[in-house]
């Protein structure tokens, strides 16, 4: 039974986001690592993200029944009841908020809660009503590195805004790739993603534009002397690779396979850049 509750929290999403939390935390630390603060930030935000995912499962319940990839989720198959999920989600949110309030700072808690509100009350509810759901979701998804950064700095400065913008622009091609790859599922659930509303070709062009913007935005960390040349080289190299993969998609005969490759590479690029940041800081 514990495993089903764990599945409700979408642990894969949490772990992926914690990599970017680490990047933000270490960028702001500038070599002065505080283990206790790092642990508290990771733990507190993990609880809040887990809560958001539980409520997302609850809100998406009827849609999840219609999509093949979500038909075996705990709420769908009935191993966990809706009221139990709500109580579980509330408990996670409270614990996470307590940890961040007492062991980090108020700004960090406020940013984390804003991310939670955007994800649960805006993205989860509106993604089935508007094609702009992806853009709304990208705002929530850009919060984790900001939380890591502000836990150390306790302020919103240029570094924080660059990190936030990076994640917003990364998530757009990331989500659009998923939308193309899982197009049949989204169609079955009547979720108005861009490929369904505007067509796959227009979505591919949007992907290319966002990859360019993401690469340029990511490079700003070096231009403003937060990171060194290694980070810049990797940013440009991986960004160009991603862009070339995207260009090949304009003529591909297998959109689903191409979109899956784009999705996987999006995970590679954000992971590599996040892990490079702490090793190439400019003090």
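From the backbone N, Cα and C atoms, a Cβ is placed for every residue, glycine too.
According to Swiss-Prot, the transmembrane segment annotation covers 6-26 (among others). Listed by sequence, the residues of this chain that lie at least six past the ends of the transmembrane segment (6-26) yet keep a Cβ under 8 A from its Cβ atoms are 33, 38, 41-42, 45-46, 49-51, 53-54, 56-57, 73-75, 80, 85, 88, 92, 141, 144-152, 160, 163, 167, 267, 270-271, 273-275, 277-278, 281.
Annotation source Swiss-Prot lists transmembrane segment at 35-55 (among others).
Taken from Swiss-Prot, the feature transmembrane segment covers 85-105 (among others), and the record attributes it to sequence analysis.
The transmembrane segment feature in Swiss-Prot is assigned to 106-126 (among others).
Feature annotation from Swiss-Prot assigns transmembrane segment to 131-151 (among others).
The transmembrane segment annotation in Swiss-Prot covers 160-180 (among others).
The transmembrane segment annotation in Swiss-Prot covers 207-227 (among others) and rests on sequence analysis. Here the transmembrane segment (207-227) has long-range neighbours at 27, 158-159, 162-163, 165-166, 169-170, 172-173, 176-177, 235-236, 239-240, 242-243, 246-247, 249, 262, 273, 276-277, 280-282, meaning same-chain residues at least 6 beyond its ends whose C-beta is under 8 angstroms from one of its own.
Taken from Swiss-Prot, the feature transmembrane segment covers 230-250 (among others). Within the same chain, residues 173, 201, 204-205, 207-208, 211-212, 214-215, 218-219, 221-222, 258-259, 261-262, 265-266, 268-269, 272-273, 276-277, 279-280 sit at least 6 positions outside the transmembrane segment (230-250) and bring their C-beta atoms closer than 8 Å to a C-beta of that stretch.
Long-range contacts of the transmembrane segment (262-282) within the same chain: residues 16, 19-20, 22-23, 26-27, 30-31, 145, 167, 170, 173-174, 177-178, 181, 207, 218, 221, 225-231, 234-235, 238-239, 241-242, 245-246, 249, each at least 6 residues beyond the stretch ends and with a Cβ under 8 Å from a Cβ of the stretch. The transmembrane segment annotation in Swiss-Prot covers 262-282 (among others), and the record cites sequence analysis as its basis.
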#### Entry: Any contact, the transmembrane segment (35-55) to the transmembrane segment (131-151), with at least 3 Cβ pairs under 8 A
yes
